[in-house]
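Swiss-Prot lists Thr135, Gly156, Asp179, Asn225 with the feature S-adenosyl-L-methionine binding site.
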Amino acid sequence: MQPPKTHNHIELAFEIDSDLYELYIAVLSQEGIEYFLEEDKKLLAYLPESEWNAEKEESIKTLLRETFGSAPHFTASFMADRNWNAEWEAHLQPVEISNRFLIIQHQKEYDVKPDQIVIAINPKMSFGTGYHATTRLMLRQMEELDLADKKIMDIGTGTGVLAIAARKLGNRNPILAFDNNAWAAENAVENVAENDVADIQVELLDAEEEMVANLKEGYDLILANINKNVLDRILPVIRRHAPNAQVLLSGVLVYDEPWLKKLLKRIDYTNVKTIYEDEWLSALIEPKN
């Protein structure tokens, strides 16, 4: 696939203490914002230009006001497409997810432990560098699963890290990985090639109808490291159209666990295993039989 090469963004700048960064990231993720840079006394958040309007701005202010008691001042600036690689490479270091996984920058050498699985990532603006707790939680859950014969779909693939990890954990079937952001889909294609893994199909899919058409092809495991609002919308869809599939999800805050339990009960899923890190959780769920 060949997504567009030019992707303009809106940069939101929050001048806050660094000890609040993780909390702000958690809160802003509920608005579907997944791309951040941390600077001294300033948190930068990025979203596609096409998603920014007065309604989105007011929604963010309302969420911050409800969370913190007041809406902190932030600025919004237009950012033309540029060399995001240089931006990210200035901040990224290798990330040891566990004794099994090491995420590194592409084309750089690191000391690797025996039997450690290395994933090389060129993140650009895509989500899934290993720096966010949700990515680490998903990978730790995946380590414990027998993926060899699973037919896997990765929803909101970002950098493609989860699809790549599934292949490196021994999955033998074609994997479908898709995102609704053009730069993310493009980035995932690059990372799949960088890691020399075969049979990972990366697609730019924006409409729910396209997802449903693919779900009907009989997937065994759905990977969904996305935000609460999207999960609320698509989990019932997955339940209807992939009635036998397990779902491994993250992007849910710990304090939203009651919401998740209520949703799973309503759509007839059982929770197999939940793990936690910081303010985040990851849950492996499956249909009740």
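Any Cβ shown, glycine's included, is placed from N, Cα and C.
For the S-adenosyl-L-methionine site, whose binding residues are given in the record as Thr135, Gly156, Asp179, Asn225, the maximum C-alpha distance rounds to 16 Å. Look at Thr135 (S-adenosyl-L-methionine binding site): DSSP puts it in a helix. Here the Cβ of Thr135 (S-adenosyl-L-methionine binding site) has 27 other Cβ atoms within 10 Å, regardless of which shown protein chain they belong to. In the shown protein chains, 23 other C-beta atoms lie within 10 A of the C-beta of Gly156 (S-adenosyl-L-methionine binding site).
Cβ neighbours within 10 Å of Asn225 (S-adenosyl-L-methionine binding site), excluding its own Cβ and spanning all shown chains: 27.
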